[in-house]
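Visitor: Quick one: structure below, then a few questions.
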Amino acid sequence: MAADMAGAGAPPPADPGGVRMTWNAWPRSKVEASKCVVPLAATISPIYPISDDFVLPYPPLRCKPPCFAVLNPFCSVDFINRIWTCPFCFSRNLFPPHYDGISESNVPGELYPQLSTVEYAPPPAPHSLPPPPPVFFFVLDTCLIEEELEFLKSSMRRALAVLPENALVGLITFGTQAHLHELGCTDISKVFVFRGTKEITKEQILDQLGLSGHRGQPKGVTPQPNGLPQRAGSVNRFLLPASECNYPLNALLDELQSDQWPVEMGNRPTRCTAVALSVAAGLLGACLPGTGARIIALVGGPCTEGPGMIVSKELSEPLRSHKDLDKDASPHFHKAVKFYENLANQLVDQGHVLDVFAASLDQVGIAEMKVAVERTGGLVVLAESFGHPILKDSFTRIFYGGEQSLGLSFNGTLNINCSKDIKIQGIIGPCTSMQKKGALCADTVIGQGHTTAWKMCGLDRSTCLTVFFDLSPSERSNQQGTTHEQLYIQFVTNYQNAEGQMRIRVTTITRKWLDISTNAEELVEGFDQETAAVVLARYISLKMEMEEEFDATRWLDRSLIRLCSRFGDYRKDDPSSFTINPNFSIFPQFVFNLRRSQFVQVFNNSPDETAYFRMLLNRESVTNSVVMIQPSLLSYSFSTTPTPALLDVASVAADRILLLDAYFSIVIFHGMTIAHWKNMGYQNQPEHQAFAQLLQAPQDDAKMIIKDRFPVPRLVICDQHGSQARFLLAKLNPSATYNSAREVTPGSDVIFTDDVSLQVFCEHLQRLAVQS
Ligand SMILES: *[C@@H]1O[C@H](CO)[C@@H](O)[C@H](O)[C@H]1NC(C)=O
Ligand SMILES: *[C@@H]1O[C@H](CO)[C@@H](O)[C@H](O)[C@H]1NC(C)=O
Ligand SMILES: *[C@@H]1O[C@H](CO)[C@@H](O)[C@H](O)[C@H]1NC(C)=O
Ligand SMILES: [Zn+2]
């Protein structure tokens, strides 16, 4: 048995990890940790794609209770006596008989030193049900103008065409009322109507559908060959396999009209988004509790009726802005958020996901819905029209399989174990605390805390979470003789993968404990600037949402100054003497761009846009999130191959093309001369082939970026001095408009104005960092 565990031949190459840390060597004491300024944190991509070589066809071996840590490469193994020692609790465990074949030259995959991540794929129990089918419950807004409704319908038709045959599909349409469509009957379409004015409980929903007798599992529930619990009529009537409901659904879409209720002059349409979502959640909760299912809402405007209402019907009442929210002058905001918090709790209990695709020139309420989307691990896409490629192409992608698949998975639970003295403060990202309290939980909470276990109803290959750590206050350095050199953290994710199989992903990492007084260098070398920038961005975004008076710019300035004072080399009060280790060198620039970014300068955007940007910031990999904070810029010209350019106006030149990747948007910017030649059509003349190629190169590169990104980014193609050039210019360092450094008043710590150049910013930084 051990032989097939180990697999044959050479071990696979080291995996790329799925964990990044702000600090890759940790100080031993809480006091020293707080002097590091940037918090001890790890980002983990719980199910990033791994090679099949890392998948083990048997269940994990666990340490004895109460530890339960999974066997990993950092366990010390006594091959003679068949004993492994757990690095978390130091218990000694006997290998069970089926590991009898192991030896130093025949170790099971989970002990390969280069595999910090493995995935267990135990065979299903003998009489277990087949994997459940994917479930898509569509909730469609009909308060749309004709054109938008047609875009929405064609997106739906495309989706229906690519859905897996066995996928269960349900449909609610809504406007003034919510209509639940019975898909089971072929001839006449039957509809259940729910009033939009009143909050409706799950019980009332089931009553109205004649399902209430079946509430409360599991009497009368018999597992069916399709793996679903089936109850008299319920599933069959409202959730049908795609293969059976394709015809009725397409017929229904053909007949679907804009909401027929009259809209008075000067009013918004009556739109009961929240009631429609309640009905979807209630029905799924009754039919398919515990089975992964997605509610996919396509929303074209604000909820103006009933619970979850974000604005009144009168057009004279404007939608809430950041200013209104700051002044607490939005009458509906807290009530609506409360509604979505309750919906989030219900969905998390049921294991279901809420995805929102929003298309509107104005806001639809993403800021209020954020909690329900984020806590369930849902997807969100925001654009101005259902016909925009951002929405259209993103929507289609969620149904793709194979290479292009997003790897949408369900029913995830993340458990974290760590060495004694490490405390977990919480997680920022798409998950919900399961409130599993224990000795490992810190008292102060960041994000989803008070727990060592988190639920992820929906997760996918790009899902990323940020875990914040603290150290226990005991002075470890006092007891050096007895302490251990290494710290360990283990992440265990149980989940149902895109094919419906239960998997257990285990990532175990180790890092060094440092004695700062003798080993400051290793601390510095372990600083990961990109991760630190992303973690700070996530942290301040959370604080901006939670704390009324939080001043993000000032907080960032102070932190950066403290960091540079702590880790820089300089003579006191001599700015020109300041130098800093290369491991910190680009960090000030990240902070400079973070201060200018949409995450801090929220007043340039609507609350919906801010909520949208933050949800993506919180769920993407470090590499992607860095681009959101500090866009990347490539320069194309005749003389060189495409080269990275400084994010500075100085990079603009008449004979260059620039490609800006700001994550949410991608800009191709033609310098003046290039634009002129292009308008003259030189690219179409055979003697100017080189020019045609130069024009094409950034287009091809942009296509490559767009192909891999979800949501699909906005593509802007513009010319220097054209009206859309601002999409590029807004992201560039304003070095050219630099108008003499403003003197800092002595003693003041508000140091930077919003439009200083990077150079001025760094000068000020050095001056303040060296101050005694
Ligand atoms: C590891 O995690 C499990 C499950 O969350 C928990 O019961 C156990 O106490 C943890 N072990 C240690 C050593 O913290
Ligand atoms: C969901 O996950 C839990 C915990 O990992 C597991 O016990 C349960 O069987 C899973 N449910 C389904 C429907 O797979
Ligand atoms: C710190 O710098 C050293 C030397 O350039 C480099 O090898 C190391 O990878 C850097 N550390 C991190 C965490 O990036
Ligand atoms: Zn243990």
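Heads up, the Cβ atoms here are built off N, Cα and C, so glycines get one too.
Caution: TrEMBL annotation is automatic and unverified by curators.
Here TrEMBL flags 60-99 as domain 'Zinc finger Sec23/Sec24-type'. As annotated by TrEMBL, domain 'Sec23/Sec24 trunk' applies to 131-399. The domain 'Sec23/Sec24 beta-sandwich' annotation in TrEMBL covers 410-513. Sequence annotations record features per position, and here TrEMBL assigns domain 'Sec23/Sec24 helical' to 528-626. TrEMBL lists 641-728 with the feature domain 'Gelsolin-like'.
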Visitor: Assess whether the domain 'Gelsolin-like' (641-728) lies in contact with the domain 'Sec23/Sec24 trunk' (131-399), where contact requires at least three Cβ pairs under 8 Å among residues 6 or more apart in sequence.
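Guide: Since 3 or more Cβ pairs under 8 Å link them, the domain 'Gelsolin-like' (641-728) and the domain 'Sec23/Sec24 trunk' (131-399) do come into contact.
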Visitor: Tally the residues of the domain 'Sec23/Sec24 helical' (528-626) by DSSP class, grouping H, G and I as helix, E and B as strand, and everything else as coil.
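Guide: When I sort the residues of the domain 'Sec23/Sec24 helical' (528-626) into the three classes, I find 71 helix, 4 strand, 24 coil.
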Visitor: For the domain 'Sec23/Sec24 beta-sandwich' (410-513), what's the model's average pLDDT?
Guide: 91
Visitor: Between the stretches 131-399, 410-513, 528-626, which one has more Cβ pairs under 8 Å with the domain 'Zinc finger Sec23/Sec24-type' (60-99) than any other?
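Guide: Per the Cβ count, the answer is 410-513.
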